[in-house]
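Q: Pasting in a structure now, in structure tokens, and then I'll have a few things to ask.
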Amino acid sequence: MSTTTAIDDPAGLKTTRQRNNQPQQSEIPLPSPSISDVDSDSNKGDDHRDAHVKKAYGRTPDGTGMHTLLSPSQTHDMVSQLLDPREPKNLSDYIVLGVLALHIWLAWAVPAPYNKYLLGFAFTFWRLAYNAGIGYLLTVQSKYTLLVTWARRLRAFEQPATNPRPWLYNLLKTELETKIPKDYKMDEAPIEYNTWLAFRRIVDLILMCDFVSYCLFAIVCAHTPEDEGLGMLLGRWVGGIALVGFNLWVKLDAHRVVKDYAWYWGDFFYLIEQELTFDGVFEMAPHPMYSIGYAGYYGISMMAASYDVLFISIAAHALQFVFLAFVENPHIEKTYNPPPPRLRAESEIGSQTEADALVTKELNGNSDIPQPVHNMIGSFDLFRVTDASSLIIVACFIALTVVTPTTRTYQTLAVVNAIFWRLWYSVGLGYILKKQSEKKMYTRHFLKFGESTGEAWRQWKGLYHISMILCHVSFLTACWKMYTYPEDWSYGSVLLKHVIGVSLIALQLWTSSSIYESLGEFGWFYGDFFFESPRPPTYNSIYRFLNNPERVLGAAGFWGLALITWSKAVFVMALVSQLLMLGFISFVEKPHMQKIYGQNLRKEAGLTKFVKKSLPAPVKRWQQGVDKVLDETKHFAEDFIDAALTRLSAGSSNFVKDTTALFHKPLRLSINRIDRDLAGYDPKHYKLSVEGEQLIAPDEKATRKESADARVPKDVKTKVFQYGAPIRVKWTAPANHSKKDWVGLYLVTDNRNRDFTEVPSLGRWIPTCRGQYDTTTDEGIVSYDEKVKSEGVEGPLVQGEMVFEGDKLWWTQGVYEFRYHHHGKHNVMSISEPFEVRIPLVVKEGTELTIEEAENALLPIVRNCLDRDPEIAPETVDEPWGAHVERDGKYAERVVYAIREMFAIEFSPAVVPADGNVKKLAWRVVNGRIALAPYSMSLQSRRPPTPVADSYK
């Protein structure tokens with residue numbers, strides 16, 4: 001039920017995501033059978049997680065942090081469970097079948113066109129129930145184990161003797177044990193496994209209704225277009241049946257590989273002790289159940305000949321990718337790709353790749369100097385000449401395109417201009433790279449004038465980037481000139497051509513994004529032509545399936561634009577772009593790769609290997625003969641070209657903007673303004689006290705800007721705590737207080753009402769007692785409900801203690817307070833004294849700062865920003881911080897905010913993971929202040945303090 005993430009694999013033999021076993025917290029030995037790539041869904045992800053074995057072994061975390069050994073029972077897919085008369089049936093099966101029958105009856109009984117609207121609404125409902133509903137349940141289970149917590153709180157699987165809901169226990173026992181009659185007993189299985197089996201019944205209902213409502217919607221929308229010829233009719237049905245058949249094969253092969261464990265997102269509940277292998281459909285495409293696994297939707301759309309079906313299919317397909325990005329991928333990253341342990345020695349710092357480290361050394365000549373983090377791609381900056389030039393070029397092209405008339409002359413000029421820049425981008429830059437590979441021509445030019453290799457690299461990146469912009473913008477402007485807005489969108493295949501064209505453009509953008517994600521800045525700009533590569537090639541991301549994805553998919557957008565414009569000239573431009581791209585790969589990239597990597601290059605990509613394995617024996621023998629002839633012909637052609645002329649080359653790289661928006665919404669409490677059961681609770685019996693790490697003493701608050709009286713030290717009680725330091729809260733309440741009471745942290749200015757909290761806590765809250773909410777909210781509870789002496793108070797009192805740290809804190813300066821709330825609501829029973837969280841100003845603007853001072857000031861604040869976690873936070877200025885800093889941007893945001901307040905200098909968050917330790921960060925701070933010193937506006941060091949007359953005492 002999840003997606004596959006590739007790992008570096010030079011040999012290309014094991015290119016799937018490496019599955020990291022859970023920490024060995026138990027000494028019980030477990031078998032480790034092989035496992036294949038897993039998929040998710042009846043339309044789900046593609047993680048290889050189940051085994052080709054009859055019995056698998058897994059672990060579920062229990063309350064002590066150890067793991068319980070379990071042996072998952074044999075289960076069956078939902079279709080056979082529902083429709084196979086040999087499989088036992090229970091109440092939930094009959095409910096699902098009844099709902100499906102209701103859908104079929106509605107399609108038959110409701111007259112047209114109302115049945116189409118009704119079924120379209122039904123499919124939309126079930127699709128949202130899948131992507132939003134199941135997605136929400138899986139997200140809270142992954143983050144907070146909330147489904148298991150709900151089951152435990154309801155006592156759903158407890159014996160009737162102690163269960164307040166015996167009817168629920170009996171219902172679940174009958175439901176689950178009926179489906180698995182052989183090797184499953186609900187009373188003996190862990191609660192995580194039982195919860196997963198119950199969750200499956202909900203999934204069965206949603207997925208079956210989703211599929212049936214879609215098919216019924218397609219049936220009621222199906223029609224035969226007017227004036228459709230026999231050829232088009234046969235083409236539609238043959239193509240549609242082929243796509244549906246292919247989709248069916250993808251699903252069956254995926255289920256063969258993953259079984260029910262991954263099909264129903266089993267690893268959100270427990271983990272199986274197995275390793276991943278790479279098999280079947282998962283060798284064909286990335287995320288096959290999200291990509292090629294939806295081919296059947298478009299096959300059904302073809303057979304129905306309905307744009308309504310096509311558009312609803314595209315929307316449903318897009319929602320699956322949203323589900324992948326926001327539900328499955330975060331869980332996979334968390335479960336199978338945890339950050340590596342923090343390195344302890346400076347020599348082991350791994351915050352930058354070997355390639356980037358090599359470039360940094362060449363650029364700076366000193367490995368101790370932090371590497372640049374201002375990448376060319378994905379960080380547009382008008383202060384950089386390359387980006388400013390690109391913006392001006394694009395603006396000029398747009399202006400010329402808009403103001404000039406759409407005549408044949410200007411259309412011709414636009415097409416010629418586009419072809420010229422394509423030739424320059426492919427042939428011109430290809431020639432430069434070819435000579436750079438053979439003789440280091442580009443680098444030698446800069447060395448001749450006393451420049452460095454780093455300067456040559458920087459100039460090349462700018463040249464390549466601007467050339468890429470010119471190539472693609474000129475192509476787009478030519479398409480604009482050749483495009484004619486349709487007068488009738490329903491005429492012929494106008495709408496279909498636009499849909500396919502936009503899809504091809506999206507495919508090229510995704511391909512470019514995947515290539516950049518895999519290669520990085522170094523590979524995107526052909527860094528191995530300028531620097532010796534420190535490692536063999538890796539095959540992850542899209543390269544896991546294709547050796548040269550740009551060869552096949554890199555020009556998809558050009559053909560999409562050709563379809564949209566339906567212009568012969570644009571078709572010619574697309575063909576020229578495709579041919580030049582193939583030439584660039586053959587005559588520039590491939591020879592250079594052979595030269596520097598040699599035998600380390602992979603012979604066949606995943607898709608090629610899969611296709612060859614699937615061929616019958618006679619076809620394999622014929623294919624081998626054809627390969628031999630093609631190889632001989634190719635060698636002859638290469639020798640002929642070498643002897644006849646200087647080989648020029650062509651190539652293409654596609655502009656990509658790597659954007660990822662992962663929105664993390666902290667846990668919230670719903671606001672209920674009125675609580676009816678406050679009677680009997682006296683706010684005077686509730687109390688909060690706060691303790692933390694003091695930043696400054698009270699008498700340090702006086703400066704010479706106050707009057708003379710104000711400068712006299714007072715008994716100031718306001719507490720000032722360190723930024724990011726843990727804060728301990730002690731509470732006192734009556735012994736009969738609600739177990740769902742909770743304490744939240746707020747800015748003093750956020751709430752005007754002292755009796756009721758007006759704003760949500762946004763995750764900054766902790767319950768007073770354990771076990772009342774999900775497990776993650778209990779983090780921070782130190783003690784609770786400890787009896788205390790209650791002199792002069794009616795009734796006994798209890799007390800507890802909690803610690804707010806990490807994400808429970810607000811990571812901005814300000815004046816805060818804690819509020820004690822009653823029974824899970826927002827009625828306030830007590831408010832703590834206000835306290836301030838402040839970052840000390842280490843050095844004022846315009847004054848000098850040494851590296852040692854910067855290091856000493858940064859180390860404690862950086863440790864606070866990294867939650868003082870031993871796996872993340874360094875102990876010394878030389879130690880690197882953990883890999884979590886690079887994965888989770890919140891840590892870098894905290895650090896750069898603190899630096900801005902401490903040193904009056906602003907950095908991008910990207911510098912924090914790039915620097916890797918406090919020493920390099922301090923070097924950057926000091927040198928940044930030195931660079932800004934001549935422009936400092938501070939007059940504080942030159943002007944006397946504000947005078948105060950003693951006569952005004």
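One is the number of the first residue shown, and numbering goes on along the chain from there.
For all residues, glycine too, the Cβ spot is worked out from N, Cα and C.
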Q: Do ALA198 and MET302 share a side of the membrane, as Swiss-Prot has it?
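A: According to Swiss-Prot, which assigns topological domains, ALA198 and MET302 fall on opposite sides of the membrane.
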Q: Of the ranges 280-300, 889-909, which one does Swiss-Prot list as transmembrane segment?
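A: Result: 280-300 is the stretch Swiss-Prot calls transmembrane segment.
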Q: Considering only Cβ pairs within less than 8 angstroms, which of the stretches 202-222, 230-250, 385-405, 460-480, 491-511 has the most against the transmembrane segment (118-138)?
A: 202-222
Q: Would the transmembrane segment (280-300) count as touching the transmembrane segment (385-405), if touching means at least three Cβ pairs under 8 Å and pairs must be 6 or more apart in sequence?
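A: Checked: the transmembrane segment (280-300) vs the transmembrane segment (385-405), no contact.
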Q: When you scan the chain for residues with a C-beta under 8 Å from the transmembrane segment (460-480), skipping those not six or more beyond its ends, what do you find?
A: 376-377, 385-386, 389-390, 393-394, 397-398, 400-401, 411, 414-415, 417-418, 420-422, 424-425, 428-429, 442, 525-526, 530, 558, 561, 564-565, 567, 569-570, 573, 577, 652-655
Q: Residues of the same chain, at least six outside the transmembrane segment (491-511), with any C-beta under 8 angstroms of its C-beta?
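A: Distant contacts of the transmembrane segment (491-511): 307, 310, 314, 542, 549-550, 553-564, 566, 654, 656.
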Q: By DSSP assignment, list the helix, strand and coil residue numbers for the topological domain 'Lumenal' (434-459), in that order.
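A: Helix (H, G, I), strand (E, B), coil: 21 helix, 0 strand, 5 coil.
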